[in-house]
């Protein structure tokens, strides 16, 4: 059986080719009308209309420093305030001296004076808490006055108030109090570009030689706490030369003097003097060792104590408890000097007045040590030392008292048996 070979047959009606051509033309026109170039949404779009990728990368990275610069501040040229900040401050800011106050926290201080009126602008990053600048005579926070400011959260303004720093607790630093004679209506906060500017003016012949800077806890608004400040997250102090526009760490000045005062006075009056008394009281059978040991220890203690008192006179006494601490310190110094004079004028052992001299020498020395011990605790409290310092000296006194009781009982038994 023979099969016929089949061939495919295509039908092309006469009307179809023309219709098909028209259809293609219509579709092409529609596609041209529907396809429109998309507008770029940002400057950092990847590739637009065939723009080179390298150019886009350069633009993107070139814009990032600009964005970062808007949230920073420095004393480099130009050192003046930005126009957007300056126009919101009610006093002249065109000729301010600028210095980097606290590099780790990016604090910038600008100031100027016109007669007895001083203008200050503190610039710092806005972290949702307060920033503050205090004015201190010796670099100590307690006893000084400060101006603190914080943003209101609307990105424009905020709140600025003066505080009297009477202690380390929140309630000991009341708002709207202090020794600064602020110019009315010229204390304010400007918030701009993630920074906070605390501007204020006060009248004074000369600002204090030390400035104190503090940063409050982040995202803690004092307005919700009756404007009382929470304890600072970190703070520092620095000496300022207003004539030269320079600043230096306070560590080389009053802070060191305070440490030397506490160390020398505490060691001299509070440690060596009691030990010297114990040597004279309980070791007389080791003659003449006890005598030379007694005068040596007491002599070193007296020299250190006097040096500590001299260092204390250089410190600011305008702090709570300062007058009492100073008065007791002077009393201890006078008693110590009387002891030295008594030693130089001591009568012979065979003299009839020797017994009166012994009574005077013993009791004046004990009174001096008792006053010194009490004054050490007062000083630690004024310096706001931690409980560890108080506990350490308290333990020393307790151990010394226990040893004295033991030796006293031993001495009493020795005399009774003799």
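Using the three backbone atoms N, Cα and C, a Cβ is placed for every residue, glycine included.
TrEMBL: automatically predicted annotations, no manual curation.
Among the features that TrEMBL reports, transmembrane segment is placed at 46-67 (among others).
Taken from TrEMBL, the feature domain 'DOMON' applies to 105-216.
Annotated domain 'Cytochrome b561' per TrEMBL: 229-416, in sequence order.
The transmembrane segment feature in TrEMBL is assigned to 260-282 (among others).
Within its own chain, the transmembrane segment (289-313) has Cβ neighbours under 8 Å at 257, 260-269, 271-273, 275-276, 279-280, 283, 326, 329-330, 332-333, 336, 339-340, 343, 372, counting only residues six or more beyond its boundaries. The transmembrane segment feature in TrEMBL is assigned to 289-313 (among others).
Counting only same-chain residues 6+ beyond the ends of the transmembrane segment (325-344), those with a CB under 8 A from a CB of the stretch are 265, 269, 273, 295, 298, 302, 305-306, 309, 312, 317, 357, 360-361, 364-365, 367-368, 371-372, 374-375, 378-379, 382. Under the heading transmembrane segment, TrEMBL lists 325-344 (among others).
Outside the transmembrane segment (364-384) by six or more residues, the chain places 142, 167-168, 258, 262, 265-266, 269-270, 273-274, 277, 305, 319-322, 324-325, 328-329, 331-332, 335-336, 338-339, 342, 390, 393, 397 with a CB less than 8 A from a CB of the stretch. The transmembrane segment annotation in TrEMBL covers 364-384 (among others).
Long-range contacts of the transmembrane segment (390-409) within its own chain (CB-CB distance under 8 A, at least 6 residues past either end) are made by residues 266, 270-271, 274-275, 278, 281-282, 373, 376-377, 380-381. TrEMBL lists 390-409 (among others) with the feature transmembrane segment.
Residues of the same chain lying 6 or more positions beyond the ends of the transmembrane segment (260-282) and with a Cβ under 8 Å from any Cβ of it are 290-291, 293-294, 297-298, 300-309, 311-312, 314-315, 329, 332, 336, 365-366, 368-369, 372-373, 375-376, 379-380, 383, 393, 396, 400, 403-404, 407-408, 410-411. With DSSP classes pooled into helix, strand and coil, the tally for the domain 'DOMON' (105-216) is 4 helix, 60 strand, 48 coil.
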